[in-house]
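Quick one: the structure is below, and I'll ask about it shortly.
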Amino acid sequence: MALPTSAIHYQEEHINDNKKPHLIAASAICLSAAHVAVILRLLSRRRARTSLEADDYTVILALFFTSVFVSVVLVGVHYGLGKHLILVTDGAAFGKGTLAAEILYNPAIATTKFSILLLYRRLFPVRSFVILLWCVGAFVAAYSTTAATVNLLQCLPIRADWNPSIQPRCVNLDVELIILSSINVVTDVTILALPMPLVWRLHTSRNRKLQVSLTFLLGGFVCAVSIVRATYVSQVSLTDGSWADTNGAIWSVVETCIAVVSACLPTLRSLISKPAITASAREKYEAAYTPENPNKSNNIKMSTLKSPWSQNASLKTKEDDAERIFTRLDNDHE
């Protein structure tokens, strides 16, 4: 599609506009933070002398997808992302990279959310809560698959994304991006709020409940980033995409990386708290908490866990339930 004369004149008048440094800096800082967070998480598990769990493996997968996504975005910078469209050096490569980045964003975000849901499952093995987690996880999987498919097929034929000589037939891109980004924000807020009913039914002091809540609410920052991203990705331009899409690309990079960091933060407590428990102590802990021995006690007694949504739901214990949650964050091995 040929650029209108007015668009060409505008871009020529602003030929020195350049957002490349901002995108490169955001990518370098945020991706480094994500890698550091995952490394610290693994060190925390090692310090606790416990093997990796499903949530740990999933966050590693999320880091992989995030790294690939950010790398593709940086390839786009090489071809002109961050400058006006008339300065794009290879339109075909730029178009293919943009499409790839849009698709890769979805598994990067989805796997991070799966990691958080699996962490919740490890910490709160309540049957009704686990069922709820599976339902939310299924929705995230369905949404992410749908979003990736929509990104791929938003303009037909697909090759029109990198071949300007083809007149594409596109969906309403503004509406598409607003809907997809809004659903993403809603799932972020939902996942953030999921454990709160259980936390506030712990048999412990209000201060300890606040501590546990804050541990999980550290992920709230990614919700704020998702909202900011949603305001930028909807700024679509068919005549100057390499420039107009830059802010959305920056916040997409920030969101995917910060999501990984947020998923790791609750698991890092053992690195700044007292030394990890010994293997023998952990064995006693596990024996006391096995499903086969729900009433067994070795100086530690587990709460009777019931659905927090039932009328008489409660969490009763003779110990500090908040400390039990923190202990599971550091050392649980099922």
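Note that Cβ sites are derived from N, Cα and C of the backbone, with glycine treated the same way.
Quick paste of what TrEMBL says about this protein:
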type     : residues : note
DOMAIN   : 40-274   : domain 'Rhodopsin'
TRANSMEM : 23-44    : transmembrane segment
TRANSMEM : 56-79    : transmembrane segment
TRANSMEM : 99-119   : transmembrane segment
TRANSMEM : 131-153  : transmembrane segment
TRANSMEM : 177-200  : transmembrane segment
TRANSMEM : 212-230  : transmembrane segment
TRANSMEM : 250-272  : transmembrane segment
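For the listed features, I'd like the structural context: burial, neighbours, distances.
Counting residues 6+ beyond its ends, the transmembrane segment (23-44) has Cβ neighbours under 8 Å at 52, 56, 59-60, 63, 66-67, 70, 73-74, 77, 81-82, 246, 249-250, 253-254, 256-258, 260-261, 264-265, 267-271, 330 in the same chain.
Sequence-distant neighbours of the transmembrane segment (131-153) (same chain, 6+ residues past either end, Cβ-Cβ under 8 Å): 99, 102-103, 106-107, 109-110, 113-114, 117, 120-121, 171, 176, 180, 183-184, 187, 190-191, 194.
Using a Cβ-Cβ cut-off under 8 Å and counting only residues 6 or more beyond its ends in the same chain, the transmembrane segment (177-200) has close neighbours at 109, 113, 116-117, 120, 123-124, 126, 129, 132-133, 136, 139-140, 143, 147, 150, 209, 212-213, 216-217, 219-220, 222-223, 226-227, 229-230, 233-234, 236, 308-309, 315, 325.
With a threshold of 8 Å between CB atoms, the same-chain residues lying at least 6 positions outside the transmembrane segment (250-272) that come near it are 19, 22-23, 26-27, 30-31, 33-34, 37-38, 40-41, 43-45, 47-48, 56, 59, 62-63, 65-66, 69-70, 73, 101, 105, 108-109, 112-113, 115-116, 119, 215-216, 218-219, 221-222, 225-226, 228-229, 232-233, 326, 329-331.
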I need to check the long-range neighbours of the transmembrane segment (99-119): which residues 6 or more away from its ends have a CB within less than 8 Å of a CB in the stretch?
53-56, 58-59, 61-62, 65-66, 68-69, 72-73, 76, 133, 136-137, 140-141, 143-145, 147-148, 151-152, 158, 161-162, 184, 187-188, 191, 194, 219, 249, 252, 255-256, 259-260, 263, 266-267
